[in-house]
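**Student:** Please see the structure below; I have some questions.
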Amino acid sequence: METGFSQHRSGNITFMKFKHHMTTTEVRSWCTTFAVEAVFVAAGNLFIIIVFAKTKELRGNRQLFFLMNLAMADVLVGILAEPLFVYILGGYYNIWSFNYADVLGFASIFLDMFSGISSIAFLTAIALERLFATMYPIRYRGTKNARYAIIIFTLWVMSTAIPVARLTFGNDYNSLYLWMPLVCILLLLIGTAYFAIWIKVLFRSAKRMKARENHLNVTLTILTITSLSTWLPFIILNTVNMFQPVNVAPVYATKLLHYGNSLLNPFLFALKMPKFRDAANKIFCTRRRNTAFQTRSRGDNLILETVTKRTSLERTSSQIDQRNLEIKYTTV
């Protein structure tokens, strides 16, 4: 999860060695692209969190506990890790004024590793949960919420411990030995879990396979495949670049793809999960109806106010005509 630069104890910021540096135009293009991606990542995952928070049925569904924490991990990418990466990247190439401090470099490395590791950790938890539910459905239904809480707490602690160890003991090279084995193990667990699920589903009687469970497995498998396809290029190129400098464009392209993993999850939620889609429609359709009702009420009030004013004017005009008529007869 290296951000593309390294923080040394001297306090100087140093970007990884590339075959060539970027031009100002290239840097502006990359900064703009990363910034736009960060906005969509933050907005998409905040949308998921809002739907979860407002829907009691989703909050009480144990199948979605890990998914909720995944959204929380991904939103950190959009609101903290990626924007800080853009700020340092542009500042390093003098695109804008840049007041570097040690804490800035440490924060960027920590947030980048923390959000990335927590994201893939919860993807692994999702895969193993689905494997357990498929292999041992009765035992799975008896799982207590306390076990979920313990697992979730452990994953967040692990996601914190790795970047802390990186910043305390690591450097450009041995940092790979801190996070790469962990990430590779998690990716292997994800692939193995879903392979086992598909084998089990393949030999299970069609009558015993519930459509809902099958649909959820397909959704989570798509989510996992996209995660693997966005992580592996970044891991491979990041490792190669440590020992043999490569062109800067592929490195930042894989970094963009790596951050993009956090962008894909909201669309998979919205498109593939009926419960989430129904909850989102219920929330926003209700808000739309309320807005329409308020607009209609304001329109009705405006019409009523106009009619009242017109009636008042007509009444005033009638009174004036009557007074004029009385004056006329009095004069005569």
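Glycine is no exception: its Cβ is also placed from the backbone N, Cα and C atoms.
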**Student:** For which of the residue intervals 215-236, 237-258 does TrEMBL record transmembrane segment?
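**Tutor:** Residues 215-236 are the ones TrEMBL records as transmembrane segment.
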**Student:** Restricting to CB pairs under 8 Å, which listed stretch, 64-89, 109-128, 148-165, is in contact most with the transmembrane segment (177-203)?
**Tutor:** 109-128
**Student:** Which bits of the chain, at least 6 residues beyond where the transmembrane segment (148-165) starts or stops, bring a Cβ under 8 A of a Cβ in it?
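**Tutor:** Result: 1, 62, 65-66, 69, 73, 109-110, 112-114, 117-118, 121-122, 125, 178-179, 182.
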**Student:** Report, as numbers and ranges, which residues of the same chain sit near the transmembrane segment (64-89): CB under 8 Å and 6 or more residues beyond its ends.
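**Tutor:** For the transmembrane segment (64-89), the nonlocal Cβ contacts are 3-5, 13, 27, 30-31, 34-35, 37-46, 48-49, 52, 58, 98, 100, 104-105, 107-108, 111-112, 114-116, 118-119, 121-123, 125-126, 129, 145, 148, 152, 155-156, 159, 259, 261-262, 265-266, 269, 275.
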**Student:** Express the predicted model's confidence over the domain 'G-protein coupled receptors family 1 profile' (44-269) as a mean pLDDT, rounded to an integer.
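**Tutor:** That region's mean pLDDT is 82.
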